[in-house]
Amino acid sequence: MAAILCENCPGQHPYTQVNQPLEISCMLLLIMFGKVFLDFFMLQVKTTTVKVSFMGYFCVSLALLDFTLLLSISFIFYFEDFALWGVRFTKYHICLFTQVVSLTYGILHYPVYLVAGLDYYMTIAQTSQFPKRGQRLLYIFAVVIIWISGFFCILKVPAIYEELHTQNHFSPYWCPLNASLQSHSVSCAMVLLTGTALLACRKEVITMLLSVRVVSFASQPVLMFSYVSNNNSVCFKWQLLTRLLICFLGTWAPFVLLQIIILFLGAQIPAYMEMNVPWLYFINSFLIAVAYWCRCHDVDLTEGMWSMDPFVSWKFCFIPFNNESTETADKPGTVIVIC
């Protein structure tokens, strides 16, 4: 970008005068440090080994990009004013780099979720935990293309470049960072769909929750639900929707509540903070639940089938659980399901 090269800097906007207040630089640095820590923490606390997927590769790439941004702004913050390969860097670039990354993150929600959704829809019935090498390379290629396309759109579209230049020209002592309209619309859609499904299955959800019991299974506490088994295709999908809802909300209810609060308050969260690994795993579980529900009759009930999600166990949404150490269901004709 022209704004990066010192010799092309406008005379009214010299780097010697455009120095952010220490508080703003420190704030961006601390926020990125916290975000990077959270990203790598979520990548490490996965409860199970999961199948390779596009979303998994994208989460790793996001964490690495956040770490790269953190290193860059930390280097600039420490040295304050230095030249590298003929380019002069000052604390102004801490804001500039964060703005570019923030704008890029803001336009990637739709393509990432679309590709991830299609990936799960097409591969949800695969039983192999280790996909072919070509599939792995395809995931890597898709991730690289999405990042390159995102940065290309931000750095090469004149309107966006002019907006960046104008913001930093007239407001050199603060760092305007916009929220993502895509993230806002995705939050609205998820809350609306989850609420609609919960409202439609309210009777089944209440009945299943009233029958819940806590039992010990494999030395771990689990929730045990009883439900009436039905071989009818329509009834099966209706029961499955109820169980998927309980599994999803049982893990991600705080995130759903947080989204409702943010939407209700109209809070504007900068795009570089909105796209993070915990948020992507939240979306990941939602997309997996949708894929399971849409292709429920194609799911093979094998152990390799249940390693799609690192945080939610969907296995017992499909497989009845029979264990001699647990009590029989309260009513005849019922089976036990653990979510």
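Backbone N, Cα and C atoms are what each Cβ position is placed from, and that goes for glycine too.
Residues annotated as transmembrane segment in TrEMBL: 22-42, 54-79, 91-116, 137-161, 181-201, 240-265, 277-293. What TrEMBL lists as domain 'G-protein coupled receptors family 1 profile' is 34-292.
Against the transmembrane segment (277-293), the recorded stretches 91-116, 137-161, 181-201, 240-265 differ in Cβ pairs under 8 Å, and the greatest number is found for 240-265. Sequence-distant neighbours of the transmembrane segment (54-79) (same chain, 6+ residues past either end, Cβ-Cβ under 8 Å): 25-26, 28-29, 32-33, 35-36, 39-40, 42-43, 89-91, 93-94, 97-98, 101, 112, 115-116, 119, 139-140, 142-143, 146-147, 275-277, 280-281, 283-284, 287. Here the transmembrane segment (181-201) lies next to the transmembrane segment (91-116) in space: the count of CB pairs under 8 Å, restricted to residues six or more apart, reaches at least 3. Summarising model confidence by region, the domain 'G-protein coupled receptors family 1 profile' (34-292) averages a pLDDT of 81.
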